[in-house]
Amino acid sequence: MAKPLALAFDVPETTGGDEDSLEPSPYEESEVHDSFHQLIQEQSLRVAEEGLELLSLGPGRGDQTLPRPEGAPVLSTATLRILASMPSRTIGRSRGAIISQYYNRTVRLRRRSSRPLLGNVVRSARPSLRLYDLELDPTILEEDEKRSLLVKELQGLSVAQRDHMVRNMPLSLGEKRWLREKSWSPKVKRRDQQGRRRGAFSCCSRLRYTCMLALHSLGLALLSGLYAARPWRYALKQIGGQFGSSVLSYFLFLKTLLAFNTLMLLPLLAFLVGVQAAFPPDPAGPVPTFSGLELLTGGGWFTHTVMYYGYYSNTTLRQSCASAREGGLCSPRLGSLPYNMPLAYLFTVGAAFFITCIVLVYSMSHSFGESYRVGSTKGIHALTVFCSWDYKVTQKRASRVQQDSIRTQLKELLAEWQLRKRPRSVCGQLRQVVVLGLGWLLCLGSTVGCTVAVLTFSETMIQRPASGGQGLEMLALPLVVSVLNLVASYLFRGLAALERHDSPVLEVYMAICRNLILKMAVLGVLCYHWLGRRVAALQDQCWEDFVGQELYRFMVVDFIFVLLDSLFGELVWRLISEKKLKTGQKPEFDIARNVLDLIYGQTLTWLGVLFSPLLPAVQILRLLLLFYIKKTSLIANCQAPGRPWLASHMTTVFLTLLCFPSFLGAAVFLCYAVWQVRPSSTCGPFRTLNTMYEAGTVWVRRLEHAGSGASWLPWLHHFLVENTFFLFLVSALLL
């Protein structure tokens, strides 16, 4: 066995008392900090020539194997070279080399002398970074001597330079702490010891530090608890590892929708719901008791709460009001703060929509930049193959998740590569075009049929007298729409199976387009039904409450159908496949239909936020339940896609669909309701106005008559709100 080689670093001494007092400049300190990186780079460049350091190899060693202990596998030089370069083989074994290198560089800089580079030293005299432990080497005494000399050199530096150098050393925290303590000057140590003996900290200081540490610990505990309470803390890694990035994109999109709804709900709660709850209006009639049926219909007791538009008053709220409220106004007191509820209602909803629009556009552009970034490392698969397995995790559960993720990623990369190498004949392409044309004709015909059915049934519902939204018959229209959406989605899925697309990505995009056309057409008919027909039929009633209740019922019924689809479409099919058919084939997760269900539910939320300010809270609860239900059903009842594919652009596509058809359509619907439709004369904050938009105009007129102190607000309202050029300019910039 080869004898361990001693490490010797010859540092020439120079004379001159003035040079010893010179301190290294910041540029020279950066050179010291880069020395360890240079040392590793020099070792890595020659690792192919050295193999194992303590063994001499003969000529022709390119493909030969090296002797190993008895019973160990025989590995080639290339394999050993890769293994030796892994972080787990190098970290923790180069402490002596680090200290020696820092000492020699520091001495050279302080004494202004030069020494030969490490690359010119004989290879056998270089410090080893791999394959043997320095702690068992006899040169450990020399290592201690180098460490003590390094401590002396650090003591000669200033406090700021010493802390900066120790902080940037590639050493463990224990080594850094030891060097910092040893490099203190004797005066500092003596002062610290005297302070400890005399009790430098008084009782008040100790109490203050104890309280600060307690608060800091409490904050860390709360942050840890909040992090652990997130539903996607571990589930996203598990889903991505077992089912791939395509299924993971659905749950990431669901997480994004949660953030959007939370961002919209915060201003509504702060400036609208909370203020009206603090100043409740007088009840117009007897308040019904809560029966539980309101959870389905949305009417009854909910109508007399801050849930709907009709509960909000058209008064100017103040801190103190008189008992009598004739005329809808509060008698002011000295120093009271007026709060115009109609103006607050209009501007809060508008601000919430504007903030959501800005965040949505930013998220879409950011996702586009991440998905189509030029110069990305997506094509460098060698990192995944050779280095990803050395992921340095300690828990068995985390190791299993990382292993599944790497395996699934490799499957997706290989499937994408094989798909590009698979050509198709001219006859096959012609047959595919014909089948696609017939499939699209059938899909468009089904969409037209569903739209006509919804329009006919809605006209039938108008002929019936409204029952105040308290009976189960009000669920008829949402049930019909949900059944048509479910049947049409399964029809589109069957057509996709007959078309036999070569690319699974193209198949998903086709399904998304067909389901999107169906849902947007149905929602267009419903918007005409609400603002065109129901407003005329409910002139003497609060039609805003009816529209809000209708949208609430649509969300509840759609959620029930999603649960039934997960139960019968996934659970029952798995049981039949395992118990009866004995095939063991589980259903695959339908990404297109589930994503369109999320977009459909979010569109309903945006359509109804003007008539039900708490509808985003209902959507948040719905999304949280959907996350847990879909995750449980996916893991228990579904299998990974039979044809894996890399969903690198799916998040961008989902956000684009959410922005343009969904958000833009909801914005047009609400703008038409604010600018054109006459509000109800019996309820709501705009009951005395011709349009909701007039609330801002009336407020501006009052400011103009109040005096010149607020003259800039009417000017701002005129140029930013009433001027159409500015609105078109902002829309163009957002687009």
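Just so you know, glycine gets a Cβ as well, placed from its N, Cα and C.
Unlike curated records, TrEMBL annotations are generated automatically.
Per TrEMBL, region 'Disordered' is recorded for 1-31.
As annotated by TrEMBL, compositional bias 'Acidic residues' applies to 16-29.
Residues annotated as transmembrane segment in TrEMBL: 207-229 (among others).
Annotation comment: TrEMBL describes 250-279 (among others) as transmembrane segment. Long-range Cβ contacts of the transmembrane segment (250-279) within its own chain (Cβ-Cβ under 8 Å, at least 6 residues beyond either end) map to 232, 235-236, 239, 306, 311-313, 317, 321, 339, 341, 344-345, 348-349, 351-353, 355-356, 359-360, 363, 589, 591, 594-595, 598, 602, 605, 609, 613-614, 616-617, 619-620, 623-624, 626-627, 630-631, 651, 654-655, 658.
Taken from TrEMBL, the feature transmembrane segment applies to 343-363 (among others). Here the transmembrane segment (343-363) has long-range neighbours at 256, 260, 263-264, 267-268, 271-272, 275, 312, 606, 609-610, 613, 655, 658-659, 663, 667, 670, 674, 685-686, 692-693, 695-696, 699, 734, meaning same-chain residues at least 6 beyond its ends whose C-beta is under 8 angstroms from one of its own.
What TrEMBL lists as transmembrane segment is 430-455 (among others). Through the fold, the transmembrane segment (430-455) approaches residues 424, 477, 480-481, 484-485, 488, 491-492, 495-496, 498-500, 514, 517-518, 521-522, 525-526, 529 of its own chain, all at least 6 residues removed from its boundaries and within a Cβ separation under 8 Å.
What TrEMBL records for 475-496 (among others) is transmembrane segment.
Counting only same-chain residues 6+ beyond the ends of the transmembrane segment (508-531), those with a CB under 8 A from a CB of the stretch are 246, 440, 443-444, 446-447, 450-451, 454-455, 458, 462, 481, 484-485, 488-489, 492-493, 496, 499, 501, 547, 550, 554, 590-593, 595-596, 599-600, 603, 607, 650, 653, 657, 661, 665, 669, 672-673, 677. Positions annotated as transmembrane segment by TrEMBL: 508-531 (among others).
According to TrEMBL, the domain 'TMC' annotation covers 542-648. Looking only at the domain 'TMC' (542-648), the predicted model's pLDDT averages out at 89.
Within its own chain, the transmembrane segment (551-573) is flanked in space by residues 295-298, 474-475, 478-479, 481-483, 485-486, 526, 586-587, 597, 600-601, 604-605, 607-608, 611-612, 615, 618-619, 622, 625-626, 629-630, 633, 636-638, which lie at least six positions past its ends and keep a Cβ under 8 Å from the stretch. Annotated transmembrane segment per TrEMBL: 551-573 (among others), in sequence order.
The feature transmembrane segment is assigned by TrEMBL to 594-614 (among others). Within the chain, the transmembrane segment (594-614) has long-range Cβ neighbours (under 8 A, six or more residues past its boundaries) at 249-250, 253-254, 257, 260-261, 264, 268, 272-273, 306-309, 349, 352-353, 485, 489, 512, 515-516, 519, 523, 527, 544-545, 547-549, 551-552, 554-555, 558-559, 562, 622-623, 626, 630, 654, 657-658, 661-663, 665-667, 669-670, 673-674.
Per TrEMBL, transmembrane segment is recorded for 652-675 (among others).
Panel annotation: around the transmembrane segment (475-496), residues 296-297, 439, 442-443, 446-447, 450, 453-454, 457-458, 461, 507, 510-511, 514-515, 518-519, 522, 526, 550, 553-554, 556-558, 560-561, 565, 590, 593, 596, 600 of the same chain, lying at least six beyond its termini, place a Cβ under 8 Å from a Cβ of the stretch.
Cβ atoms under 8 Å from those of the transmembrane segment (652-675) belong to residues 249, 253, 256-257, 346, 349, 353, 356-357, 360-361, 363-364, 367-368, 370-372, 509, 512, 516, 520, 523-524, 527, 531, 595, 599, 602-603, 606-607, 609-610, 691-693 of the same chain, restricted to positions at least 6 beyond its ends. According to DSSP, the domain 'TMC' (542-648) comprises 79 helix, 2 strand, 26 coil.
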